[in-house]
Amino acid sequence: MGADGVFSPNMIKRVPSTKPPFTLGQVKKAIPPHCFERSLLRSFSYVVYDLLITSLLGYIATTSFHLLPSHFAYVAWPIYWILQGCVLTGLWVIAHECGHHAFSDHQWIDDTVGLLLHSALFVPYFSWKYSHRRHHSNIGCLDLDEVFVPKLKSQIPWHYMYLNNPPGRALGLAVKLLLGWPLYLSFNASGRPYDRFACHYDPYSPIYSDRERLHIYISDLGIFATTFVLYRVAITQGLAFVISIYGVPLLFVNGFLVLITYLQHTHPSLPHYDSAEWDWLRGALVTVDRDYGILNKVFHNITDTHVAHHLVATIPHYHAMEATEAIKPVLGEFYQFDSTPFYKSLWREARECLYVEPDEKGVFWFMNKF
């Protein structure tokens with residue numbers, strides 16, 4: 001990385017793509033035993049804390065902003081949207097943790113909390129839980145991974161080369177951050193290809209097995225319930241109230257989610273494998289930890305402990321930092337951390353990681369030349 005933060009291919013050290021000299025068992029053995037323990041009380045404390053902050057922000061906005069002079073209100077509302085979006089993203093992360101059974105020792109509690117939180121954020125809990133589980137099972141595999149699967153150069157649409165410039169990249173990133181999440185849930189955009197239409201809201205989507213279909217219906221009911229509540233609020237308070245208090249912060253949540261997951265799995269140093277070359281442990285290491293500053297804590301460290309998360313997904317977030325430090329000596333050069341500010345990383349990866357091509361060993365690496 002140059003002094004100006006600009007990526008140079010000659011300065012990036014690629015993660016080894018050879019078979020790791022350690023096993024998953026050795027990685028787990030290096031983690032202190034208490035890191036695997038899930039405390040229901042402690043987990044709920046984070047839910048309560050985030051909900052209190054969310055409620056406080058909403059209370060301030062609804063009771064105070066209309067009293068401000070208009071020029072101050074124009075500043076106050078964007079601040080509210082950003083802060084509320086950050087805190088709600090933290091709640092989103094806790095629901096994600098429920099999906100990994102990392103919230104408590106009781107699966108039914110995890111699923112109940114996850115369903116309530118994700119439904120409130122317009123996420124079909126079980127639907128995404130199941131597809132996300134397959135992402136964890138197949139990460140780094142070009143043929144089977146579920147999301148942010150890089151394309152081969154031969155698969156890139158012809159018009160992409162005309163967007164490979166600053167205005168084109170800015171437009172692409174804006175669409176990705178604003179619409180990427182709902183497009184993925186609704187149309188499997190950026191997901192792995194299926195033999196027919198795939199949608200997270202469809203119980204008979206090829207994403208799901210027969211035994212999972214009932215849970216997809218339950219997820220859809222959660223979305224319908226949230227929609228009904230918002231409809232009732234809009235009837236009494238007005239549509240503008242719902243959009244300003246809930247809708248715009250939700251856009252920030254969706255944007256943060258895409259930003260975080262994109263940067264976790266997109267980096268010039270990361271390899272990818274086809275199904276003939278892939279194995280789970282090498283695939284699990286195809287991710288990078290990032291530094292989001294104070295947002296690391298707001299997002300419950302999903303940003304800077306993602307390597308450990310892909311190796312042992314049931315570790316609660318409040319033990320993830322300790323677990324990460326414990327596994328670094330075992331992983332050695334297989335551990336990847338990038339301290340580049342996330343906004344610089346986002347632009348760099350959008351410029352440099354356009355497609356993947358295999359090297360002489362059959363391992364795929366990101367490229368950017370058309």
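Placement of Cβ uses the backbone N, Cα and C atoms for every residue, glycine included.
Per TrEMBL, these features apply:
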- 16-53: domain 'Fatty acid desaturase N-terminal' (DOMAIN)
- 76-335: domain 'Fatty acid desaturase' (DOMAIN)
- 46-68: transmembrane segment (TRANSMEM)
- 74-96: transmembrane segment (TRANSMEM)
- 170-187: transmembrane segment (TRANSMEM)
- 214-233: transmembrane segment (TRANSMEM)
- 239-263: transmembrane segment (TRANSMEM)
Please report, as numbers and ranges, the same-chain residues at least 6 past the borders of the transmembrane segment (239-263) whose CB is under 8 Å from any CB of it.
58, 61-62, 77, 80-82, 84-86, 88-89, 92, 121-122, 147-148, 176-178, 180-182, 230, 233, 288, 290, 299, 302-303, 342, 345-346, 349
Reported mean pLDDT - the domain 'Fatty acid desaturase N-terminal' (16-53):
98
Could you tell me how many residues in the domain 'Fatty acid desaturase N-terminal' (16-53) are helical, how many are strand and how many are coil under DSSP?
25 helix, 0 strand, 13 coil
